[in-house]
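What follows is a single structure, written as structure tokens, with notes after it.
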Amino acid sequence: MAISTLARRKATIFLSSRYLYNTCKYSFSITRGFASGSDENDVVVIGGGPGGYVAAIKAAQLGLKTTCIEKRGTLGGTCLNVGCIPSKALLHSSHMFHEAQHSFANHGVKFSSVEVDLPAMMGQKDKAVSNLTRGIEGLFKKNKVNYVKGYGKFLSPSEISVDTVEGGNSVVKGKNIIIATGSDVKGLPGITIDEKRIVSSTGALALTEIPKSLVVIGAGYIGLEMGSVWGRLGSEVTVVEFGPDIVPSMDGEVRKQFQRTLEKQKMKFMLKTKVVSVDTTGDGVKLTLEPASGGDQTTLEADVVLVSAGRVPFTSGLDLDKIGVETDNAGRILVNERFATNVPGVHAIGDVIPGPMLAHKAEEDGVACVEFVAGKEGHVDYDMVPGVVYTHPEVASVGKTEEQVKALGVAYRVGKFPFLANSRAKAIDDAEGIVKVIAEKESDKILGVHIMSPNAGELIHEAVLALQYGASSEDIARTCHAHPTMSEALKEAAMATYDKPIHM
């Protein structure tokens, strides 16, 4: 059965129609080998973030002459420089401080006092970022990727004008251009981000002192993660959300438990609430709020306000209109199933096209796009892209939520297992959370897995692999898991889905 599945995988390219714009009118150019002209590249990648730098390295590995253009001057994009990596560094450091304050004594580790050295904490974060960006430059050298530091814009479908960081200008030519410029912070009307008192996620990663009070506008992944960082360090955190729920893409049952956990950590929530205006004329920030459905206005004061209302594709200054690249109403570049735009030789990947705005999704886009350019076959299934909220506990998911399965009218079964019944979680005194498995009733095929636990972002990948290969809940349940591990909770939840768990 496994062999036939693998054979089907190799023979079939499947990209979720939910996210990709597929039209047969788009043409596609294939390039093999090196360009004949000494100055012409086979592939030019605009953007050195997770999608762009991975695409560039993969292209070079496939024997294509490749140049990557990056305006920041350091590789890794938003994710590595001012996003995923620095936020995870602060999440880990702040969690260590919180544990020292509240949990160490339970394990027999006692000391008279503990304090935050914020400059040292920020220094550790910056060191991690610096080491990783230099590491990517090393990978470029190893794989012979030409790296141009500057801001690129189209002169033609095969020519990019680059204003270099040194102040000069050059023209980079390529048979295939890949747009991988990522996304930017979504602003809100009437709110000016100054990165001091009103900050984006970038500013929230670089505060020079711990605010006494922090208001987070937006209850998505980024807002909850950054709220957790500063809440652990001592800030009073209030999350204001226009919608009725936090993280609306999350499974409803898991979301409710997650919110209760965050509230126990003293994070406050104001849902169905609209920010009408923000006043910065005083020492702090005064927000005027009203119910999303309308009603009486109230005020809320804070030392710092974090605007975390989502992200938008970043294509500013590329001069896409000059070459006629089509975009949708949200500014996303439209591509076909091969990541080709309507302009021959121009491709796009990552946050600038429809689909989840996630670094690992962009990486998969980059590899698949380059494989198509090289005349091979690429594969990305957006329904199999995991999502993780890196709070504590973490929440990770892949596949469909119970609400989505219900909406499809599919008969299904649900199996759940709490970490309170998991021996490893109890042994380390960190047992808050649950695993939820959703499977089709007749076939037992897994449709979705949702995990709330410490390190859920690591545990989810067994479920990703299971969904990728069409596994059943019984397949996971009958797979031996080491004891004692947190992973056993997934095994038990799978057992609960098709039969009964042992330890509950």
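Counting starts with 1 at the first residue shown.
Here the Cβ of each residue, glycine as well, is placed from N, Cα and C on the backbone.
Just so you know, TrEMBL annotations never went through curation; they're auto-generated.
Remember, predicted model here, so these are calculated numbers, not experimental data.
Among the features that TrEMBL reports, domain 'FAD/NAD(P)-binding' is placed at 42-366.
According to TrEMBL, the feature disulfide bond maps to Cys79-Cys84. The Cβ of Cys84 (disulfide bond) has 20 other Cβ atoms within 10 Å, all protein chains considered.
Taking Cβ-Cβ distances under 8 Å and a sequence gap of 6 or more within the same chain, the neighbours of Ser183 (FAD binding site) are Thr78, Arg311, Val312, Pro313, Phe314, Asp351, Val352, Met357. The feature FAD binding site is assigned by TrEMBL to Lys88, Gly152, Thr181, Gly182, Ser183, Asp351, Met357, Leu358, Ala359, His360.
What TrEMBL records for Gly218, Ala219, Gly220, Tyr221, Ile222, Gly223, Leu224, Glu225, Glu241, Gly310 is NAD(+) binding site. Its Cβ placed at the centre, Ile222 (NAD(+) binding site) has 24 other Cβ atoms within 10 Å.
Under the heading domain 'Pyridine nucleotide-disulphide oxidoreductase dimerisation', TrEMBL lists 385-494.
As annotated by TrEMBL, active site, proton acceptor applies to His483. Within the same chain, residues at least six positions away from His483 (active site, proton acceptor) with a Cβ under 8 Å of its Cβ are Ser423.
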Mind checking which of Cys79, Met357 has the fewest other CB atoms within 10 A of its CB? They're the recorded positions. Met357
Would you mind splitting the domain 'Pyridine nucleotide-disulphide oxidoreductase dimerisation' (385-494) into helix, strand and coil residue counts from DSSP? 40 helix, 33 strand, 37 coil
Is any of the binding-site residues Thr181, Gly218, Gly220, Ile222, Glu241, Ala359 within 10 Å of Cys79 (disulfide bond) (Cα-Cα), and if so, which, in sequence order? Ala359
Which same-chain residues, if any, lie at least 6 apart from Gly220 (NAD(+) binding site) yet have Cβ under 8 Å of it: Ile246, Val247, Ser308, Ala309, Gly310
Note down the number of other Cβ atoms within 10 Å of the Cβ of Ala359 (FAD binding site), including every protein chain shown. 22
